Structures are given as C-alpha cells and as structure tokens.
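K.L.:
The structure is given below, and queries will be raised subsequently.
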C-alpha cells in the first residue's frame with residue numbers, strides 16, 4: 001500500500017488545515033500507540049518534542065491524548081531540536097519518539113515525524129502500517145490501563161552534554177567569535193549554551209521565538225541576517241540552523257555561505273585522510289552538485305546518491321555500513337555521533353577543523369568548484385498533478401535532449417510542500433537558464 005499521509009519527512013502541512021488538524025493528530029497518536037504497543041505484556045513510553053511554532057501546543061496535546069488513550073506513557077520534552085528527540089528516544093528506552101515540527105517551513109505549517117526505539121526515522125513500511133491502523137477502528141485501552149503524561153525538565157541539558165562530547169576533548173573555542181542563528185526555533189537555548197560552554201565568544205541571532213517568527217528572515221534558509229551580524233561584529237564564523245536544528249549552513253568571516261555539499265566535501269576529505277571515512281564513501285542525494293561528485297572522484301573517493309530526504313541517506317548509510325552522508329540543504333549525518341541529521345553537531349565539527357588546522361572559515365568552506373546549478377520551485381494547487389500533463393512531459397524530454405552529455409535535469413515533487421522542483425546543472429549557463437525557464441513555464445501552464 002502506498003503511503004497517503006506520510007511524505008519524505010513525516011506528515012506535514014498548514015496547521016488547522018487537512019491533514020494537519022488536531023483531530024488527525026489525536027488519531028495518529030492513537031494509531032502509532034497501537035502500532036508500538038503490540039506487546040501488551042510490557043510498559044510502553046513515547047517521548048514527544050516540538051519546535052517553537054504556536055500550533056505545537058495544540059498538536060502536543062492531541063498526540064498526548066492519542067497515545068495515552070492506547071495505554072502508552074508520554075514524556076514531554078518541550079521545545080527541543082529534532083536530533084535531541086532521536087537521542088532521548090534511545091537513552092530513555094522509549095518505544096517511539098515524536099517531533100512536532102515543519103523544519104524549515106514557515107510558522108503556519110507544522111508536521112509530525114516519528115523515530116523508532118533505535119533513534120532512527122521509521123521506514124516506509126512502518127509508516128504504511130500506521131496508516132493502515134489509522135484507517136480502521138482504533139481500539140482504546142481499558143480505563144485502568146490509560147497512559148500517564150509527564151514533563152521532562154532536563155532534556156535540553158542531556159542534549160547539551162551529548163553535543164559537547166562530539167567535540168574533541170582536547171580542544172576549546174577560546175578566542176573564536178561565533179555568530180549562531182537559531183531561526184527562532186528549537187535550538188534557541190541549546191546552541192548558544194553549547195558554544196559558550198566550549199569557550200566561544202557567542203553572538204546569538206534568532207533566539208527570541210514568539211510562536212510566529214520561526215524561520216522568518218533568519219536561519220539556514222535565510223542566512224542574510226546572520227551574514228550581516230558576522231560582518232558587523234567582526235566574527236570569525238557563522239552557524240545557521242533551521243527551525244528544528246537538523247540542518248546547518250556555515251558563513252565565513254566575510255559572510256559568504258557554505259552549503260551542505262561543501263561541508264560534506266570538507267568532512268569526507270579530512271576523514272579519509274585520517275582513515276575514518278568508512279569504505280571511502282560519502283552518501284548524498286540526487287540534489288547534490290555534480291562538482292561534488294567530480295571532486296570526490298579526483299580524490300579516489302566514492303559518492304552514493306539516494307532519493308531526496310535525510311531518512312533515505314541514513315537508510316543507505318546503514319545498509320552500506322558507511323558513516324558520513326547528507327544533503328545539499330544542510331542535513332549532515334554522522335552515524336558515529338548520532339542517528340539523524342544534526343545541524344549543531346555538524347557546526348561543531350566545522351569549528352573543530354578551524355581550531356585544529358589553524359585556518360579561517362573562508363579557507364575551509366570551499367573545497368570544490370560547483371557546476372552551475374539552477375533550482376526553481378513551482379507551487380501547485382490541491383488535487384493538481386502538473387507532471388502528468390503531456391505538455392510538461394514534452395518540455396522535460398526536450399530539455400533532457402538539450403542537456404544530454406552536457407549536464408543533468410531533475411524534476412520532482414517536494415515531499416513536504418505542494419511544489420514541483422525543477423533543478424538543472426550545466427557548464428553552459430545560457431543553456432541552463434533557457435532549459436530551466438522552458439520547463440518551469442510548462443509546469444506553470446499546467447497548474
């Protein structure tokens with residue numbers, strides 16, 4: 001059965017609009033509770049975290065009601081980064097972890113994603129089973145077996161200590177001036193605290209959440225504010241997180257950006273030189289720049305590509321026994337340190353390289369020359385499928401013919417928003433602009 005509710009990163013949409021309603025969240029909590037409580041002989045628990053969106057309170061309450069109605073005990077973490085939920089699911093011996101977040105999306109959106117007891121995101125098959133339970137009659141627990149809910153006060157502290165342990169024990173950040181942009185999101189407390197405890201001079205940005213300003217003109221998808229802060233304060237480096245802190249972008253001392261591809265190139269090179277990169281292999285998605293692939297090939301390193309979504313990167317890494325992967329968008333996965341993308345830990349690894357090598361951020365952030373890339377997003381309405389239109393298929397075929405042997409074209413629907421993403425890469429920038437423009441025009445006409 002194909003998934004209908006779950007996308008590439010859980011369930012996501014506009015709050016109080018189907019599917020992201022309180023009613024759905026209650027039933028989803030009950031369905032997930034029934035799925036994870038199949039062993040009736042043992043006590044069961046779920047940890048629930050959230051980012052700083054106003055609707056998080058509503059979904060937290062609804063999910064709690066759903067889980068407790070099936071007999072599961074709920075541990076509420078409050079606002080906390082997504083990777084912390086994955087960590088605490090493991091360390092607190094929970095059956096399941098839940099993060100309420102729409103990641104980098106605007107404040108009006110929200111989402112629900114699940115982690116298994118091992119701290120990894122659920123497989124497609126597990127999500128399909130939960131959807132099957134959701135579609136039927138969900139049997140509640142008997143009154144004496146209803147679950148309890150409890151707030152956990154030290155979740156942030158546990159994650160802070162774990163994050164610091166990923167930073168080399170013999171290093172400090174003394175003398176380093178660091179701008180950290182927390183996107184008014186889940187890391188607004190923990191990221192500045194970690195950097196300060198490691199000795200950095202911290203300049204916080206995006207640390208005043210009000211429920212409606214998450215990701216607004218800040219964070220990894222809008223790094224201009226942090227870039228201005230880096231330059232105006234004379235900072236050495238900037239770290240830009242997204243709303244749930246599972247992705248990161250780095251700014252050098254000039255306010256210039258390094259994306260996930262450049263970070264993966266740096267880490268892969270260093271790890272390979274130290275004998276730490278398993279099988280000399282990096283895992284990335286189809287969105288990563290061709291320049292990264294060429295760079296790794298020249299070094300004798302391998303690149304394995306997956307579908308878009310850090311969960312697919314992680315699945316490939318686990319299957320192949322590899323320990324480094326990520327996405328151009330800034331999800332960096334280091335399986336030696338955690339089970340999912342972690343923006344703060346990736347930022348710490350970049351700072352460690354600065355300190356160990358005695359080099360500036362600008363010297364480290366640019367490992368390879370990118371092949372010119374253009375990405376355009378086209379929004380479509382409910383029930384529309386512009387990629388099924390004959391005119392769009394014809395435009396795609398024509399574009400692929402033009403790019404044959406010169407570049408590549410990737411057309412896909414977003415798994416988290418109603419968008420068609422049109423991405424192309426080509427050394428000939430005039431051809432690149434023309435090809436993308438023609439495909440975008442065809443998609444827009446079909447919407």
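Cβ coordinates are placed from backbone N, Cα and C, and glycine is handled just like the others.
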K.L.:
Let me know which member of 103, 367, 391 Swiss-Prot also records as binding Mg(2+) at the site of 242, 244, 246.
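P.N.:
According to Swiss-Prot, the candidate sharing the Mg(2+) site with 242, 244, 246 is 103.
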K.L.:
Going by DSSP, is residue 244 (Mg(2+) binding site) sitting in a helix, a strand, or coil?
P.N.:
coil
K.L.:
Near residue 246 (Mg(2+) binding site), which residues of its chain come within a Cβ-Cβ distance under 8 Å, counting only those 6 or more away in sequence?
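P.N.:
81, 82, 83, 103, 310, 331, 340, 341, 342, 343 - these are the non-local Cβ neighbours of residue 246 (Mg(2+) binding site), listed in sequence order.
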K.L.:
For Mg(2+), what surrounds 103, 242, 244, 246 with a Cβ no more than 8 Å from their Cβ centroid?
P.N.:
51, 81, 82, 101, 104, 185, 186, 241, 243, 245, 247, 341, 343
